[in-house]
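Undergrad: Sharing a structure, written as structure tokens. Questions coming.
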């Protein structure tokens, strides 16, 4: 009896201690993300009409990412071929990702940064590592820093240890791993979420050795990633299985949702995908169960919280101008390009 | 490893083994080859067909073809047009076609061509093709697909193609407003069957009438003014090939499109057909890419049309594997028999040479020319709707192509509509035949070497002990060196290997000249038909086929008598055993090489040649004088066999067998005369085909096969002294 009492006593103390430590921890909702901005690199590496589905894949992801808040300026979209204007397309200037053809994913608000033959291994690696020629416009640069979370999505035709670009060259898994390591050393990212939808996709992330990378692939080595369905009006396979189920999941995610990354990683079971989705967690320090999906798919809004009141100095420059004019007339003057002073809002403000 | 010319070669073990076993080994190779060939029909030895080209996306689109009414209307209109205005004549209803095509808003052009018949008095034929181009609306005209129908007049002995034209026009009308074409579509109606097609293709690819025929001028690489070898420059008074001008003047096209990627030819006499036969065999046995053949079969099936290839019917499945094997073998065999003559079985065959993949879809009824078709009466009849849907899906699939067909097999045989035999699977059977010949050549070579080596050894050891042999040696040497010198050298010192080699090769010049002469004779025979036809028509008033036929027979008979004496032209003494053996080795090697290289392009022809001539090649041996009565009898028998496989005799036998097959209940005499007539026609056709289209068969059999046969004949007819 004594022994049992003692055991109860010990158990009770342990429980108390546990409950105490728990109450000391910051609740999950208050756990802050450690990144300051979000970027996305979305790449379709294959050209030709019969690879319509890859373009549809990448444009669908683009649409979701943009809807969840990453602005166009922080999305690098690389598309190898122009399916919308392909003469074989019976629906000119559109690209659909579903046989119901409800959403044209190639709407007016799509900004393709690298298109056609610009999508090459060299450009892709230069983009990641930031070693671009000096005259490269900002829209074609990955201007990330050590606080950036990057979503990398690749789709195309792959094999064991390589991904084909443009039917003419390939990037090997080692090259990709080295590029990511260089990014880490150059402090170009905080965390990377790497998604790849190709055949034998998992071979691409097996060589990664840089920290803070969470990777998932549509199929394991030796498996093919399959297409989901045919749009018989257009006459092509319209989307790949993995991306189809990813989209189905993402459609129910909104900027404030509390979905976690582990939900995303389990999005396509083998019964649906017909291939095994591969995941690599060992380089990623956090627990995917606790990482909100918006850490990669959403965007951090640049909000600064301050307790000090801010003096907004009222500097009515426009009012000064006529005063100056009356005081000392200037002979030469630039005409205002737009008669801003005539707009009622600015006048009052 | 020792050299083959090593003097000690006789003592090497493998040489002794080879000499002992080469006979049975060759026989085994021959039998093995035939067994392998028969096995090719079996499932284990062939494969299921599959698509290699990703871009085709076969049958993914929903079919929208809705012009069945239009097709029926065109069909009736054209029918009545032909009944009223074109009943008697051979002409094509050009105005009607042009009118209909312009009404659909195609770019319509006509194309005129002229044929000056190369043989006889040089009759002139004229013809017209009509074609309309549907321009791809959203891309430049860099690529095109051809849909073509050969026009056949009402009085033609072949089935008309009225339904084909109606279907094509209806499809054109349907396709014109569609916006998804990435390639132009050329709708073409040709006259005079293959002639019109050939003319149109040559004109499309810019081959001029001044150029030599396609096969002689490397096609479009020829430029006017390029110096070329012609017989005319040597013998200006004898009319060879019509003064270097091509018999077919293709004229020029007024409108062109881009490079043609594929062509579909339609031969339908009525929409109410029972099934569609897919014809693939092209000129010189060339075949379209297997992807296209698969595509057509698959889309026919998808459109609910019964389809067939040879003896393989889509609606018949074998009961067991034995049945499958039998069907597979006969389908393959029939395809090969069709390929041997190298004549295309439809207009599609002329496209292949231009690197364009093409097939013909022929509509067939219960009344099939090839014999009774099983369970054909149970099939439902086809209609324009189904045919239109099949055509639409084939063309939309071709429209998806990004490059020319290149992924799948070009060299294959079909065992059924859905099973094929690749080049890697059928080549071993031919290789076995050629290996048999080469083993025979090798064993002859080592035998010759060894005999020579033995003889020299004996001579150096026991000089002057055998005067008879010594004399023989002298006689052998008489051409190259003074006998006395030779003798002293031989007596004084042991011969070096080079010296022995010189002994064997010393008469190479004589053999070589004879060899070359025989081949030149073959070249002459190849060029003779024009002359024969010319003189036949001028002096004997005979039609060209008769004069060519009898001319060639008389030349053949003449050669049989002359050629055994040819080697004596340049020499005084008798021919030695070694010389004749060397000729034998050479001709064996040549035959094996020819069979293999011909089979690379036309396997059926190469294989047939090998099967027929390998027995002759294996049994031909140098006849030694005074070797007994039995041997002499055997030699006589060999000569008889040799005569039996003379190219002309083979042709005659084939034709007689074919006539017997067609008309079974006839007396043998009648069959013989029918066969002889058929042979006459066959020779004429092969000559004309060779001149117009560049068919090889005639050239190959006269300039290569005939000389090889003549040399075998020489070997069998020359007696030599024992070595």
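Cβ atoms are placed via backbone N, Cα and C, with glycine included.
The structure displayed is predicted, hence computed values, not measured ones.
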Undergrad: Of the ranges B:475-497, B:636-658, which one does TrEMBL list as transmembrane segment?
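TA: When B:475-497, B:636-658 are checked in TrEMBL, transmembrane segment belongs to B:636-658.
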Undergrad: TrEMBL lists transmembrane segment for one of the ranges B:2-20, B:21-39; which is that range?
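TA: The range carrying the transmembrane segment annotation in TrEMBL is B:21-39.
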Undergrad: Considering only Cβ pairs under 8 Å, which range in B:21-39, B:426-446, B:582-599, B:636-658, B:696-716 makes the most contacts with the transmembrane segment (B:546-570)?
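TA: Going through each listed stretch, the top one turns out to be B:696-716.
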Undergrad: Would you say the transmembrane segment (B:605-624) and the transmembrane segment (B:508-526) are in contact under the rule of three or more C-beta pairs closer than 8 Å, pairs 6 or more apart in sequence?
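TA: No, the stretches stay apart by this measure.
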Undergrad: Other than its close neighbours in sequence, what residues sit by the transmembrane segment (B:426-446), given a CB gap under 8 Å and a spacing of at least six beyond its ends?
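TA: Residues packing against the transmembrane segment (B:426-446) from afar: 4, 9-10, 15, 18-19, 22, 25-27, 29-30, 32-34, 36-37, 40, 413, 581, 584-585, 588-589, 591-592, 595-596, 599, 603, 606-607, 610-611, 614, 617-618.
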